[in-house]
Every structure is written in structure tokens, then in C-alpha cells.
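Trainee: Quick one: the structure is below, and I'll ask about it shortly.
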Amino acid sequence: MTDFNTEYQKLNEKQRHAVDTIDGPVMVIAGAGTGKTQTIALRIANILTKTQTNPSSILCLTFTDTGVNAMRSRLIKIIGPTAYSVHLHTFHSFCNEIILSHPENFIISHDLQPADELEKLEIINSLIDKLPDGAILKPWGDHYFYQRDIISSLQTLKRENISPQNFLSLISNQKLFIEKSAEIYQNLKSLRVSKSLESNVLANLNSLLNIKDLSTSLKTSLIYHQNLFDSGGYNVGAAKSPSINLKNSLLKFIENLVKDTPKQSELLDLYRGYNDELQARGRYDFDDMILFVIDAFKKDTNLLRQYQELYQYFLVDEFQDTNSAQNEILNLLCSYYDNPNIFVVGDDDQSIFRFQGASIENIFDFYKKYKIKPIVLQNNYRSHQLILDSSTSVIIKNQNRIANFIKDIDKSLKSNMTFDPDPINIIPVTSVLEENYFVSQKIKKLIDTGVKPSEIAILYRNNNDIEDLVSILKINKINFYLQSDQNILNSRHIQQLIYLLKFINDPTKTDFFYHILASDYVNFNSLDLLKKVRNIDDLSLNSKIKLRNIDRRLSLARKWLENDNLDRFFNKVIRKFKFLDYCLKSKDPQILNHLLTFHQELKRLSLDQKYTLDQLLLRLDSLSDNNISLAAPPLTENLDNSVQLLTVHRAKGLEFEYVFLIKVNDKKWGNNRNISHLSLPSGILKYDIVGNISDQNEDERRLFYVALTRAKKQIYISYSTKTDTNRELTPSVFISEIDPKLIETINVPTDTQVKALSQFFSKVENENIDVDYKKYLTNFLTTKYQFNVTHLNSYLRCPFCFYHQTILRIPAVKDKFSSLGTAIHNTLSFYFNNQSSSLNSLIQNFTQSLYKEGLNKKDFDESLFRGTNILTDYFNQHSDNLCQKIKTDYDFKSANLHLNNIPITGKIDLIEYLENNKINVVDFKTGNPDGKYKELSPDGDYFRQLAFYKLLISLDTSFSPHFNSGIIDFVQKSKQKNTLIRKEIVINPEHVEGLKLLIIDVYNKILNLDFFKLGKDCKDHQHIHYLLKSQSLPKTL
């Protein structure tokens, strides 16, 4: 224990207080960098020193496996081998140990298997399918719109220990309140500005509070509004009058209950069905593990007593991140004692895992339960004072802090470090390209001055925020370690392998064959590949030989598939098709890591000897379709020689001398639109403080605070002012919340953009298109290609996808939405040309048109139902006001129109002829009009489409009428306005002139084959973006 004595002497007064108070309940609020782990470890050592406690009678619980490992390492340094006898667990590993030790108490131990994410999602989808048509949680057009919200809500309910019966009770309370508050709601709504307004609003609030059998959670929410009004909180709001603000808040409170309760009732049915289906399949949720132990402890007092007698001391790290189910385990274990020896450590300001069910109300609950004064650690041993003051100036904006609910708590941090107090650096740049350049160059300078790469970290909000910067770091030869699991299904090489397996499984899918020829490991000649796509037989001798060899191997592979199990078949394929050879020669360990992960998944699934390749491919498609990762673990790197790249969530608990926080823009950091569409009722949490806080940025602000407090010496915060498409961006609100006296704005040199572009394109300096291939494409584009507005919009969205979709015309599957749109368009053309037609004849025409789309029965039935409703609404609203003189499907193709020698064409859905030789041009849109206003603006696709039609009309000398206006006719009702919208747009001459310049610019880029280097941000998952990174761009064909 000599190390214990040495380390004990280093403790400050408050740390020593926490270490010495070994009996009874103790709560420590440990701010960032205040030595939390050391305090816990020394407290365990002190218990062993001062008492006769057996090490195995100490239970220490924390949130993650990383936390367990860090605590174990710290304990070993202090108490030596005895550390291995202390029970250190996550909550899940602790419950798992109980289950394994007492199999007789748990059916899970022998009859159940854990459900993976895909299986859970399939269960939810099957339950959604069973909901009746018209169910709120089963909207037409996207039956699974609420899918992720449902899964997240069920996860929250389980983690907060809310059973279906408890959930029913909460919903029933809300329904009762809605029923009894109906008259009060109408009274509130009828109140107008008057001298008695305040007294009337407060009287109605008092009536709400006095509703009989009002639940505690609803009453707490109403009291919150009352207290906020009394304290002047409603002096600020949409209205000048506090009384009106209170009135509107109360109305909104009731309206939200009315809106959300029906959804919650449907969710209850899904919750029950989900649990039933899990049981029927012999599966359980990861979160069920804790619930199983809670249930066993409550049912079997002997089992509970066994663990109560085993443990004398309980310690909980990261207490702010524990959820209600985890707390219930603690409460049951401690219930044997009137004054249990429980020690919890947490920091409400660092609660960043609410999506995992954690709630900071735990700290407040512990305080209320044991009525003890928390020990607050304030001495920081990580950062200089300016960093601490900067982070504090941000986090104090949060209302939901323990310091606001417990008196006499001072959480201000005081630095114990002697670093030079450099101000926070704020770096605004004009583009992400500039931002990446600045970060890479600054890191190079730091390393050149002797800073260890491992003391430099790049932190970001989401995993996809780092993708573009990684390539810049590689160009600059900066070693880095990306601390995130890699989804191998996004790997170019794994996708190429999957295409090979798909073609072997179904040789009729010829588009898969072209993907095989385009793959890196095949190395097929690019010009010959294009000829093959075009069905031209004039291939080189080498390519013909390659094709014969591939055909021979494919024939063999079909035999292997019939005669071998899946694992043996797979091993033959990767060897005979030289895929494994290619991976080995690449000398890229990540490629081999991905292949290994893929093989491990295949081996796991093929333990069932009847598991087929077809099943595997269906599973892989389902994973991709549902954005479920098949993750390869990060490769072990030389961390001392590598800059660390990680999300802020992963950075929790870590520290670095220099921290770069990138892409700190609004909507990414704060004001995030990714909100849940499915709210849970009040009462989920015991102290639902958060639910009554109006600031929706509090969780994000805590995350920003965690990011700031990772830095020891300096933090660089960068953001771009414009997107790649020149759209304006604003910095995160949190930057403005930093005390301006503590920051320094760094303006990058004016030539940074040029340098950034030069560096960015240096990575493709060897990726030249060969001359023959270039000539072939140029010839095609200049002799056979006609440019239209669909091509223009497609190119502007993603030049690379435009290339595959328009130039190569690789086949793509038509989805049910496109099929529905085609059928409705055909029916509307029929309707306008036969305006005396009845609704029944329209539906009959639509049914026939939809039938020709070749949908499966399910999609056909759904589309028929939806299309019938759309056409019925359209007929009822427009049958009496149709334009009598019209033309439908007017095609300019035969007009041979040119703009500056650019061949352009188009097809107009409907032309309405007006008086004075004028026309309106109408385009039908079958999508939901809500949220399409951007497309109607001058930079939007719809506006550009109408302007393009005006240009065509002006160029067509045979077309005599003059363009009056363009109309976007939405044939689906607006959900917000519950009516059909027909938007008329005036196209001015300057709009057409601007469009001409845009057409000339884009067309010249197409002629220059300027699509290979772009398109990285396209969201169209039908397109093969992974090929963009191919070693030679022609091989992407």
C-alpha cells in the first residue's frame, strides 16, 4: 500500500474528504478534469486499508467497458494484485454474471438468444404492417416513417424501467386529464386581452391543478409553468404580455397531450406485440438483461439477499449516465441497509448519453433520497484557466444544472496547471476545403515543433464529419487513428465482393456483371468495359481472354454453390477470383480487416448448415437498406505517433494538449432538426425537470462543454461560412456563448482557398482518363447527346451519379413511388384530354396504368389505395375549373433546339391556352408539397424546370403562343393545409438569362468529362459512389 500513501498525500481537501468518508451514502460531483477516477480508486484502497472488508465485497459499477478497464489499471497501480479481486463491472456485465451464476432463475440463460439490430427492426416492421390502414404510426407512402422513433421509444421505456402496464397507466392519466381539462381549455382559448386577463389565466391554471386524480407528473409540469410565471420567466416570449405567454404555453401543453396521446396508445400496442414476438422467437433485448435481474430480485428474496450480503460497499462511476432500470438494481441491493455504504460520482454538466436512457435526474433523486450535501470537486488538473472559464461561460446557459436545484453548490473550476493561458482560437473559413487545409497545416506545424501526435485530437459531432478531412491528412502524410468502428458495407472492396456473390447467386442480373468488370480486383480495360456496356463486340484480345476466364470461374462457382457449404464456397470464391490475392497485394490492412469481418459474419451465420447464399445476400441488403452497420473494429495503431480522430462522445474521459473541434456550425451543433416524431408521456422520469425546460439545446450544450474540456493547452474551433454549393452557413450558437474576452478570432490568409484547392486536387494527379476512352465519350456527347432540365438538375445534385445514370445509363430499379407517379401522370393526361370523364373512369384508367408498372401485390395494393385517394381529391377539387383548351405531354425533341450549339430538349406535362395568345405551363408533382418551398425558389429544381420550359418555348420558332407563367400542380394534398396546392410562378427574363449561363457552364463541364471528381455528398443510394475512389477512374465504369 506504499503507492496508496504516496498518492493519498497528493489529494486536495475535497478529494480527501471523499476518500475518507467510507461509510454511509456519499455523492461527489466531479467537474471535468478534477481527478474523479483517482478519487474512486483511492477510496477503494482506503476501504481496504481501514476496514477488514474483503476486496470481493466491494462492487464498483461504471458505464462502459473502457471505464472498467481504466479503473482496473488505476487500482493495480495503487493496490497491486488485490485489484483483481474487487468486483468492477458495467451494469450489463454485472447482470450477466448474476444470470450465468443462477441459470435456474433465468430462462434467458438457456432458452433465449439476444436479438440483433436487424431482427429487432424486422419485428417492428412486421408489427407496423399489422396496424390497420389509417393508423397514425403507419402513414401511407412511408409505412415505416416512425420505425426508428418506435425502436428508440421502446428502448427508452425499457431503460427507464417502464413496463407495458406502467406505460398504460401513464397514458390513462393523460387521457383522463385531456377529458377533464376540455372545458378549461376552451375557457383559456376564449380569453382576450383585458384588465382581468392575468387573474383569469391564473384561475384556469388553478383549475387545471385541482383536477381530481391529477397525476404527479402532470401536476409537476403545471406547477413548473406557475413557478415560471411567478419568477418572471414569462416576461420574455412571443407576446409582450406575460399573461398571454402563460396562456399560450398552457394551451400548447394541452394540445401536445391531445396530439401525442393517440400515438402513445398505438405505441403501447406495439410495445406489447414487440415483447410477445421476442418471446415467440426465443429472443431478448440487450436492455432486457437488466429487467430480468430486477424481476428476479423482486420475485426471489433469497437471490436478492445473497447479493445484499455479498456486497458491503457500492461505488458508481459516471452516475449521471445511469438510467432508471440501472438505478433500480442499486436500490434493490441497497434496500437491505437503512444507511447503505453507497458512493456515487457524476457531473450533470457532462451528461451526454441521454439517447442511451441516461438522465441527470439521478443526481437530484439521490440528493432527495439521502438528504446529504454533495462533495463538489473543483480543482482541475487538466486545462489552463481560460479554457475552464470559456467552457463555464457556455454551460451556465443551461437551466437544467444541479447547481440550480441544490443550494450552496459552486461548480466553478479552478486550474492547477501552469500552462500559458492562450485564448480559445475561433477560425471562420469560407469553405470546408479551407477548413480541412487549415487543420492539416496547423497540425503539421504542431508536430514540427515537437508536439507528440497523440497529444493532438480532432473532435467532431458525427462520424461522417471526418470523411473529407481524412483524405487531406493522408495527402499531408499525417498519421492518424480513427477511433470508430468501420461499416464494411460502405467499403468499396466489400461492395465489389457482394456484387460478385450476387451475380453467382443470380446470373440473370447482368447489371451485377458490369459491376464485377468495373471492380478493382478484375482490372478490366476501361474502354472495353464501356463497349461491353454498349453491346459493342470489338474488344481487345486481352479483354476477351479475361471475359472467358471470368465466365469459366462463374460456371465453376455455380457448382460450388450447389455442392459446398457457404463457408467453403466463400473461401473458394475469394481465391479463384483473385479477390484475396488483390487484398493481400494492396498492402492496406484496413482492406484485410474488412474482409476478415465479412468472413466472420458469414461463418457465424453459416453455423446453420442450411443457411444459403441467397439468405446472406438478403440480409446484407436489409442491413444496407436500414442503415445498420456491419462494423469492423478499429485497427490497432501506434497511438503515440498518431493524431486522434474521434467523436465527442468517444472523447468523453480523455484529454489532449491540443484539440481541434471542426464543423462547428448551426444545425450540426445546436438547433438540431433531428428530433423525435414520437413523444413519450410525462412520468417516465421520477423528476422530469428536463421535460419542462424550453431550451432544446441543453443536451447539445453539454456535449459542446465536454468537447471544450478535453483540451489541456489549446483548442481550435473552426467552421465554414458557406457550403460546397455556396449556400450560406452560420456558426453554432455555442460559439457566441463563449465569453468574447476569452477568444481570439484567427482569419486565414486570402490565398488559403487557392492552396486548399491545389492540395485537394493533388490526390488525383495520376488519375488521368486514357485518350481512347476520352475520345469515345467526347464523340458520344457531341453527336448523340441531348441536354434537358432533368440532366441539368441531376448534374447539379451529383455529377458522378449523372454520369452513371445518364451517360452510361446503368439500369436502376423503379420504386413504388416512381411507379405511382407515372400512373397518376398518365391518368391526369387522360383526364385533361377527356374532361367529361367520371371519377370511376379515372380510377379504372389509373388501375390499368398502375398494373403496367409491374409492382408486386403488396406495393400494387398500397399504391392503388393511395392513388385512388389522390385522384379522388384532385377530381373533387378541380373538376369544375379545368382549362378547356390544353395540350398534354408536349415534346420538344423533334424541334431540334439549340442554345449556343448545345442541343436541348424537354417535355411539358400540360399547356393551358389563355386569352391574348398566352399560355401557362403546368408540371404535375405527386409528392407531398409540404417542405417543397425551397424547390420553388429561383435556385430550386422546380423553378429551374419551369424556366427551362420557357427557354424551350422561346427557342421553338414553330411555337407561337407566349409564355405567361409556370405552374407546379401538386396532386397530393398538403398535410399542413389539408388542401391541394397549385403554385403559380412568374419567370422573369433575368431568370432565363441566368439559366442560359448555367446551362452553358454545366454543358461545358460535361464535355470536359468533369464528373469523376465530384458527387461525394449525393444521398442517392442507388448510385455506385464507392467506385469514385477507384485507383483509376475509368475502372469505375
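Here the Cβ of each residue, glycine as well, is placed from N, Cα and C on the backbone.
Predicted automatically and left uncurated, TrEMBL annotations should be read as such.
What TrEMBL shows for this protein is this:
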type: DOMAIN; residues: 9-384; note: domain 'UvrD-like helicase ATP-binding'
type: BINDING; residues: Ala30, Gly31, Ala32, Gly33, Thr34, Gly35, Lys36, Thr37; note: ATP binding site
type: DOMAIN; residues: 385-653; note: domain 'UvrD-like helicase C-terminal'
Trainee: Within 8 Å of the Cβ centroid of the ATP site residues Ala30, Gly31, Ala32, Gly33, Thr34, Gly35, Lys36, Thr37, which other residues of the same chain have their Cβ?
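Mentor: What remains near the Cβ centre is Thr39, Asp347, Leu377, Asn380, Tyr381.
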Trainee: For the domain 'UvrD-like helicase ATP-binding' (9-384), provide the mean pLDDT of the predicted model.
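Mentor: In the predicted model, the domain 'UvrD-like helicase ATP-binding' (9-384) has a mean pLDDT of 92.
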Trainee: According to DSSP, which of helix, strand or coil covers Ala32 (ATP binding site)?
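Mentor: The residue in question, Ala32 (ATP binding site), is coil (DSSP, three-state).
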Trainee: Ten-angstrom check, please: count other Cβ atoms within 10 Å of the Cβ of Gly31 (ATP binding site), all chains counted.
Mentor: 24
Trainee: Write out the long-range same-chain contacts of Gly33 (ATP binding site), meaning residues 6 or more apart in sequence whose Cβ is under 8 Å from its Cβ.
Mentor: Asn380, Tyr381, Arg382, Ser383, Leu413, Glu655, Thr709
Trainee: Taking the Cβ of Thr34 (ATP binding site) as the centre, how many other Cβ atoms fall within a 10 Å radius?
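Mentor: Total other Cβ atoms inside 10 Å, all chains included: 25.
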Trainee: If you draw a 10 Å sphere on the Cβ of Gly35 (ATP binding site), how many other Cβ atoms land inside?
Mentor: 23
Trainee: Would you count the other C-beta atoms found within 10 angstroms of the C-beta of Lys36 (ATP binding site) for me?
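Mentor: The answer is 23.
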Trainee: For Ala32 (ATP binding site), what residues in its own chain, 6 or more apart in sequence, show a Cβ-Cβ distance under 8 Å?
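Mentor: Counting only residues 6 or more apart in sequence, the Cβ neighbours of Ala32 (ATP binding site) under 8 Å are Asp347, Asp349, Gln350, Asn380, Arg382, Ser383, Ser391, Leu413, Tyr705, Val706, Thr709.
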Trainee: Name, in the order they occur in the sequence, the residues of the same chain whose CB lies under 8 A from the CB of Ala30 (ATP binding site) and which sit 6 or more residues away.
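Mentor: Listed in sequence order, they are Lys36, Thr39, Val345, Gly346, Asp347, Leu377.
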Trainee: Where does Thr37 (ATP binding site) sit in DSSP terms: helix, strand, or coil?
Mentor: helix
